Amino acid sequence: MVGAAILESPGEGIGSNSILSQKRQLSSSDAAKRDAKKRSTMLMDLEILDCPICYEAFTIPIFQCDNGHLACSSCCPKLNNKCPACTSPVGHNRCRAMESVLESILIPCPNAKLGCKKNVSYGKELTHEKECMFSHCACPALDCNYTSSYKDLYTHYRITHMEINQINTFICDIPLSVRMNISKKILIRTEHLTNHLFAVQCFREPYGVYVTVSCIAPSSPELSQYSYALSYTVDGHTVIYQSPEVKRVLKLSFQTPQENFMLIPNSLLRGDVLEMRISVKKLNKE
């Protein structure tokens, strides 16, 4: 909360020297007070920073109609740029005042209790959470609800889900042959040096099978980044897919991917088993 200092006039019993003294004190501490105000600013109701139409957190740009009604950039095209409150045009005039307020609001990272000390702009918590080193990752094994830091996830997976004497590791830049059952949907492998968990997923659709590769880890620039290549050969036909990036996720999605996948058409499928070669390349050092 921001406080205000009130100076009394000489007629109220305070001499001019006292006033000058107070002014000097205020002047000398102005910068410190401004910093303190920034640190201690508190909103009683953060809902005023949400779009009144979709109730999602505002992000820049924010638009307003001629009557001052606000709308987020996602809602404007959905409303055909017509304000639902007064039917005035909306989506052309920015609300700079609200954008300035939004830029000034910082809130603790959702992982503050786990150790993250960063403050993030309001509305960007989810973006930060995806790359926060303190974010918990979900175990990729089917029907397992375990979550932990990415560092501890490998230990859990090895102890709980890995079969004895099963070879589940691979080395970057060395092609790996994998054999997976389409109906099982997922195959887990671990990178030899970092112990990062990689998931090979397949999704059967009416026109073929989608295959994609993900890494279970935050998308932090501090962690290793990878690219990958997939190849599938049958009866002299080869399907090849190369991706410049292995997508890093906190939790696997079991929805058919819309990008970064290899599609094997039905005409090249032979039963329920896929035999593929996968090559993962490290792009930076952790």
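Note: Cβ is positioned from N, Cα and C throughout, glycine not excepted.
What you are looking at is a predicted structure, and each value in this text was computed from that prediction instead of being measured.
Per Swiss-Prot, the features are as follows:
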| type | residues | note |
| --- | --- | --- |
| ZN_FING | 51-87 | zinc finger |
| REGION | 101-285 | region 'SBD' |
| ZN_FING | 104-162 | zinc finger |
| BINDING | CYS109, CYS116, HIS128, CYS132 | Zn(2+) 1 binding site |
| BINDING | CYS139, CYS144, HIS156, HIS161 | Zn(2+) 2 binding site |
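Take the mean position of the Cβ atoms of CYS139, CYS144, HIS156, HIS161, the recorded Zn(2+) 2 site; other residues of that chain with a Cβ within 8 Å of it are PRO140, ALA141, TYR146, LEU153, TYR157, THR160.
Within the same chain, residues 93-95, 98-99, 102-103, 122-124 sit at least 6 positions outside the zinc finger (51-87) and bring their C-beta atoms closer than 8 Å to a C-beta of that stretch. Cβ-based neighbour count (10 Å, all protein chains) for HIS161 (Zn(2+) 2 binding site) stands at 16.
CYS144 (Zn(2+) 2 binding site) sits 26 Å from CYS116 (Zn(2+) 1 binding site), counting Cα to Cα. Within 10 Å of the C-beta of CYS139 (Zn(2+) 2 binding site) we count 21 further C-beta atoms, all protein chains included. Broken down by DSSP into helix, strand and coil, the zinc finger (51-87) contains 4 helix, 8 strand, 25 coil.
Rounded to the nearest whole angstrom, the C-alpha distance between CYS109 (Zn(2+) 1 binding site) and HIS161 (Zn(2+) 2 binding site) is 32. Every protein chain shown contributes to the tally, and the Cβ of CYS144 (Zn(2+) 2 binding site) ends up with 13 other Cβ atoms within 10 Å.
Here the binding-site residues are CYS109, CYS116, CYS132, and the one ringed by the most other CB atoms within 10 angstroms is CYS132.
Sequence-distant contacts (6 or more apart, same chain, Cβ under 8 Å) of HIS156 (Zn(2+) 2 binding site) comprise CYS139, TYR146, SER148. Sequence-distant contacts of HIS128 (Zn(2+) 1 binding site), defined as residues of its own chain at least six apart whose C-beta falls under 8 angstroms from its C-beta, comprise CYS109, PRO110, LYS118, VAL120. Each of PRO110, ASN111, ALA112, LYS118, VAL120, GLU125, GLU129, GLU131, MET133, PHE134, SER135 belongs to the same chain as CYS109, CYS116, HIS128, CYS132, is absent from that list, and has a C-beta within 8 angstroms of the C-beta centroid marking the Zn(2+) 1 site.
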